[in-house]
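Chemist: Questions regarding the structure given below will be posed in turn.
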Amino acid sequence: MSLYDTVLGIIFFSQTGVGVLGNSLFLCLYVWTLSNSHRSRLLDLILVQLTMTNTIVLLSKGCPLVNFYFGNIYFLGNLDCKMVFYFQRMSRGLAVCTTCLLSIFQAVTISPSNSRLARHKVRVLKLIRPSCPLCWIFNMIIEVNVPIYITGSRRINSSHTDGFDMVYCYWEKVFKEVIILPSLRDILCVGGMVWASGYIIVLLYRHQQKVRHIHSTSRSQKTSPEIRATQTILLLLSIFVSAYCINCGFTLYKVYATHSDDWPVVVSTFSELCFPTISPFLLIHRDTQIFRSCCAPWWKPSLCS
């Protein structure tokens, strides 16, 4: 095992371990908070689904690379590659749909009462709850035929000539009809995120302009929980879209490149795992409700505010 493989193994092991730990911690803290507050919000359902999706992405993408770079190069056979890659594609699509759902939910929630979007607020919010299980069903169906084109690594089967080498598995016939629906899904969802982000930025800017004169004489101004939650979701969207664009860029480079180096796949996977690794810690840090619920049994309320 070379130094290069050891370093990459340590990187992906750390990224996967920290990410899984963070998502597990966030899920436990969030369940604890909900059990104490006795409140059920639509946002809670979306965040729980996002946390579960993040965990699946980390395990399905990170664990195979950790095993590969720590020396167990050919540990996945044809059937194993089909199963692993199906979970990778399904969880990736689920992450895109759930993040888009989160952005639209927040855009509708903070829309002012005199806006056009507010007229459909009740109808849209009613669709959020059934949309969560539909995201699972939809992504499980449209990715069901992807494993047909997945086989074991090219390193143990030299007959692979026309496809995409994913280091530990091989994807044959990449540009077939199998990727049309997933590509349309990604375009629509990422477009929805960009629209929602722009809309949220405009609303936050207008809100800041309206309240600027109120806080001009006050040195200790506090951000409302609604604005803080909106800023957190906007930051999550920025990280997700950035990581998604980097991932797609290096994936396309790998497909069109004439050489067979593995570094585009490594960079693409690392960027894809950044969002599920960072997001739980960002949510824990920015959610004051979690801190108040967790520190209430040990500290005075004044210390938790």
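Note that Cβ sites are derived from N, Cα and C of the backbone, with glycine treated the same way.
All TrEMBL annotations are machine predictions without curation.
Heads up, here are the entries from TrEMBL:
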- 6-33: transmembrane segment (TRANSMEM)
- 22-283: domain 'G-protein coupled receptors family 1 profile' (DOMAIN)
- 45-70: transmembrane segment (TRANSMEM)
- 90-110: transmembrane segment (TRANSMEM)
- 131-150: transmembrane segment (TRANSMEM)
- 184-205: transmembrane segment (TRANSMEM)
- 232-253: transmembrane segment (TRANSMEM)
- 265-284: transmembrane segment (TRANSMEM)
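I'm curious about the neighbourhood of these features; can you describe it?
Modeler: Counting residues 6+ beyond its ends, the transmembrane segment (6-33) has Cβ neighbours under 8 Å at 44, 47-48, 51-52, 54-55, 58-59, 61-63, 65-66, 68-70, 266, 269-270, 273-274, 276-277, 280-281, 283-284, 289-290, 293-294 in the same chain.
For the transmembrane segment (90-110), the list of distant contacts is 42-43, 46-47, 49-50, 53-54, 56-57, 60, 117, 120-121, 124-125, 128, 131-132, 135-136, 138-140, 142-143, 182, 185-186, 188-190, 192-193, 195-197, 199-200, 203, 226, 229-230, 233-234, 236-237, 240, 244, 272, 275-276: same-chain residues at least six beyond its ends, Cβ to Cβ under 8 Å.
Listed by sequence, the residues of this chain that lie at least six past the ends of the transmembrane segment (131-150) yet keep a Cβ under 8 A from its Cβ atoms are 45-46, 49, 78, 81-83, 85-86, 89-90, 93-94, 97-98, 101, 163, 169-174, 176, 178, 181-182, 185.
Long-range contacts of the transmembrane segment (184-205) within its own chain (CB-CB distance under 8 A, at least 6 residues past either end) are made by residues 93, 96-97, 99-100, 103-104, 106-107, 110-112, 117, 138-139, 142, 227, 230-231, 233-234, 237-238, 240-241, 244.
Panel annotation: around the transmembrane segment (265-284), residues 8, 11-12, 15-16, 18-19, 22-23, 25-26, 29, 47, 50-51, 53-55, 57-58, 61-62, 65, 92, 95, 165-167, 232, 235-236, 239-240, 243-244, 246-247, 250-251, 254, 290 of the same chain, lying at least six beyond its termini, place a Cβ under 8 Å from a Cβ of the stretch.
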